[in-house]
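Working notes, beginning with the structure itself.
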Amino acid sequence: MGVTELGKLIPDNLRRRVSLEQLNGKLIALDAYNALYQFLASIRQPDGTPLMDSQGRVTSHLSGLLYRTINLLEYGIKPVYVFDGKPPELKLIEIEKRRRVREKAVEDWIKAVEEGKKSEARKYAQRALFITSDMVDEAKRLLDSMGVPWVQAPSEGEAQAAYMASKGIVWAAGSQDYDSFLFGAPRLVRNLTISGRRKLPGRDEYVEVTPELIELNDVLKALRLRDRGQLIDLAILLGTDYNPEGIPGIGPQRALRLIQEYGSLDKLMNTVLKNAQFPVDPFKIREFFLNPPVTQEVNVKFKEPNEDEVVRLLVEEHDFSQDRVKNALERLRKSMGKAKGSTTLDSFFG
């Protein structure tokens, strides 16, 4: 997911490097599916096979969710995971395309494993990622037992996270994708990892990263755009999840100049782009970004962990090491009190 071309237009000086310590006490809405995909991609065996329990059920997502969440809490960061709901019809073509890519990757992965090509097998395995409904249910169950809030979006999770940030329910949206700005998030935190490095998509390589904070108003000012509507029109020219190809032949700089000069996609389509082909109605895309389905009433309150339930899910049902889970629970217990200016659980549960 994401509008990567748009990111190329955001100046480096707007990407404020922040430490995890500086995010102490901040409530941040995290893209749950983005996080789960990250765990499935990175927590794997040498041949690309994910971690599994004795019954062959994937557990990489649970391991990643447990330890990443605890790491964030230890820095006093309050994560609220937002799960995708029903995808919009605008996205169905792209979803089908991704499904075919995954199916081909599965075939290539199996072949590479059979031929003993571990590096290739791992590469294809990462492309073959998919999240099942069982994985999502288990992730929600783990968060519930840890006392960490999550929100079910009616449609796009990033739209829900952006809404929560725009209303002050959370301090920022946390995602790798710039879609958050198109949906109206005033503040975006990227690279919210603990290890200090991030895996390159489809490659067995890592790059050093630090969290970065970007503000929507700064982006609009730097790009000399009037409002979010113009930013959305710019993104549509470059390509979004709903029209991934954008307009052929129009790169980031030209797209920006066109929006600055003509002011809107409407005027462009009546002039220089009157012969352009749009597989998906661009005005429907714009309307979806401006008014996506969201849940207005959400509960982001933290609760006391149910340690017995964590043990039941991870140790008894999925064969996690009891000692490791016990150690993780001790860290969870201590980290729940780490909020700015307080060492009590009230700082999280209030």
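Our numbering is plain: 1 for the first residue shown, then up by one each step along the chain.
Glycine is no exception: its Cβ is also placed from the backbone N, Cα and C atoms.
Look at Swiss-Prot and you will find 1-102 tagged as region 'N-domain'.
Take the CB of GLU156 (Mg(2+) 1 binding site) and look out to 10 A: across all protein chains shown you find 27 other CB atoms. What Swiss-Prot lists as Mg(2+) 1 binding site is ASP31, ASP84, GLU156, GLU158.
The region 'I-domain' annotation in Swiss-Prot covers 120-263. On the 0 to 100 pLDDT scale, the region 'I-domain' (120-263) averages 90 in this prediction.
Residues or ranges marked as Mg(2+) 2 binding site in Swiss-Prot: ASP177, ASP179, ASP241. A sphere of 10 angstroms centred on the C-beta of ASP179 (Mg(2+) 2 binding site) encloses 26 other C-beta atoms. In three-state terms derived from DSSP, ASP179 (Mg(2+) 2 binding site) belongs to a helical segment.
Secondary structure counts, DSSP: the region 'N-domain' (1-102) has 51 helix, 17 strand, 34 coil. Remark: of the binding-site residues ASP31, ASP84, GLU158, the most isolated position is ASP84 (fewest other Cβ atoms within 10 Å of its Cβ). DSSP states for the region 'I-domain' (120-263), grouped as helix (H, G, I), strand (E, B) and coil, give 65 helix, 22 strand, 57 coil. Cα of ASP31 (Mg(2+) 1 binding site) to Cα of ASP177 (Mg(2+) 2 binding site): a span of 9 Å. If you measure from the Cα atom of ASP179 (Mg(2+) 2 binding site) to that of GLU156 (Mg(2+) 1 binding site), you get 10 Å. Cα of ASP84 (Mg(2+) 1 binding site) to Cα of ASP177 (Mg(2+) 2 binding site): a span of 14 Å.
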